[in-house]
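Sharing a structure here in structure tokens format.
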Ligand SMILES: [Zn+2]
């Protein structure tokens, strides 16, 4: 056993002890969306458009997926009638030979979902990676923990490499994010200090092997409701579900408890489980669930890859190619219902595990006056409540005193919600990314009914408030006018 494998084994044992402790503790931990949100040192990390240090444009979506512009256009651009952007999933290069189309329970024609682009998958189920040498030993250990989780339950094999053309580079970054699927060049898995937990790293690896977020599935409306009124406008585009052209679920049922499912901590009231018993189970960051594991095994066709004699499993189970616990390889494994130990031999079950029942649920009444991040007071102290008003309306509404007595909260104001809007509009994205740009950048795309007037915007915002920010009485408004105008101009150029 080499040193790396030895570390993974030790880390696994520590993990199992830790998870047992957490499970018994019963105290709800912060959900993964909030962890990701808070790990970024700058709230503008969550803007959609980013010009990278290398000069290329990347798209940050759903807080932690960094996409190329081409990927984003495929996912969010206008659909061209009669021309599908989706390609058939093609055979990957494998050493073992593929027989994936014959895998029981998986029909490519009937179960559109998973990402259609086969180039996003890692050939031969091998993921190359390196960990930045600036990471402390305990950080390296945590990365190895996350990798061990994937290797334990799937046929994916993670190989350290500093030279493979396609490889993950775990390194420090301004938040937690990952590219979607394998890229043709080394790709960053950014791990700010707040992201260096086993669950978050395993989540980011999930994106890197080609996964989207669970709550963005095409069928998500059967299981959750999204309350857009509880979501600041700049984040709306992060909650538009994908179509079946983009996501393939491989027939795996919706999973409230997936490691890839966000919870409600970052944006309180944003996601409501239609089965109320799962309301507090969304956003877990302990590890892969049964359905996560099943999906990964189907997506990478693990049983076929490892030359298992393919068979149909009962009770929604799947074949795991490797020896697990004391069972032989290629056994059928089912859902144990326990995140800390998700698999049980299907042969030990008498019936299928219960699935979520969908009951009519009323959208809960939520307090819409909240801060999205924890550093709002610091931003307020810098004067951002006035100088970056549009931005702060979305991020620090409570701290800045920007909560409205009405329901609109100033949302009717037609203005940009992303610092890159002007540049993106100039690059023609108002047409090629219309569905996103019309909401994120209506001012820059000339979609406002009348040209945005900085004074008018400021006036509308103020009219929707209980009081003027910073406690300035309304009667002082006239003397403030020159300041307000300059602030509003700054706001337009910023947000
Ligand atoms: Zn994510």
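Count begins at 1; order follows the chain as displayed.
Yeah, the Cβs are placed from backbone N, Cα and C, and that goes for glycine too.
Unlike curated records, TrEMBL annotations are generated automatically.
Because the structure is a prediction, the values reported are computed rather than measured.
Annotation comment: TrEMBL describes 1-22 as signal peptide. Per TrEMBL, compositional bias 'Basic residues' is recorded for 76-92. The Zn(2+) binding site annotation in TrEMBL covers 203, 207, 213. Annotated active site per TrEMBL: 204, in sequence order.
Context for these features, please: burial, neighbours, distances.
Every protein chain considered, the tally of other Cβ atoms within 10 Å of the Cβ of residue 213 (Zn(2+) binding site) stands at 25.
DSSP classifies residue 204 (active site) as helix under the three-state reduction. The Cβ of residue 204 (active site) lies under 8 Å from the Cβ of 64, 176, 177, 178, 189, 190, 191, 195, each on the same chain and at least six residues away in sequence.
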List the residues of the same chain that sit at least 6 positions away from residue 203 (Zn(2+) binding site) in sequence and have their Cβ under 8 Å from its Cβ, in sequence order, or write 'none'.
32, 64, 176, 259, 260, 285
Does anything in the same chain, at least 6 positions from residue 207 (Zn(2+) binding site), have a Cβ under 8 Å from its Cβ, and if so what?
64, 65, 178, 179, 180, 181
